[in-house]
Amino acid sequence: MRTVVYPGTFDPITNGHVDLIHRAARLFDRVVVAVAADTGKTPVFSTEERVELVRGSVAGDPNVEILPFEGLLVNFARTLGVSVIMRGLRAVSDFEYEFQLAGMNRRMAPDIETLFLTPAEQYAYISSSLVREIARLRGDVSTFVTPTVQAALRARFG
């Protein structure tokens, strides 16, 4: 079974993330969406809330599994027996960081490959941080996130 792990903070999950998950589900037998618990950031939503928001946003993809994880991603991937990590690249500005991260992961786990996917053009500019800021300022985020996430943001920010 060909499995890929797609890690992220997903605070919150956006339509860009959902696009990548659906596309990965067509390429792989199993997609594990790995929701990072220890991000070094202060998330708006708890790990459990983020897992549920991801679950609600990708319901209907039978080969997608959502799991929280802590610690190094390569260690988590190994515990799952996964040899491919998927990362999204929205713009050239993402590339340098993602390239460094992939290199570090390769150094720690030479048996695990990193695969980069770019989002569909209409999602290339969406980021979780921008969505949070728009929601915090009570703007309309309906074109950036699923209705499940929109409701959660409205409940959080008013």
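Just so you know, glycine gets a Cβ as well, placed from its N, Cα and C.
Residues Lys41, Leu73, Arg87 are recorded by Swiss-Prot as substrate binders, and the candidate that the same record lists for that site, out of Thr3, Thr9, Thr118, Thr143, is Thr9. Restricting the binding-site residues Thr9, Lys41, Leu73, Arg87 to those with a CA within 10 Å of the CA of Glu98 (ATP binding site) leaves Arg87, listed by sequence position.
Rounded to a whole value, the Cα-Cα separation of Ile126 (ATP binding site) and Arg87 (substrate binding site) is 15 Å. Across the structure, Thr9 (substrate binding site) and Ser128 (ATP binding site) are spaced 9 Å apart at their Cα atoms.
Comparing Cα positions, Arg87 (substrate binding site) lies closest to His17 out of the binding-site residues His17, Ala124, Ser128.
Candidate binding-site residues: Lys41, Arg87. Fewest other C-beta atoms within 10 angstroms, Lys41.
Ser128 (ATP binding site) and Lys41 (substrate binding site) are 13 Å apart (CA-CA, integer value).
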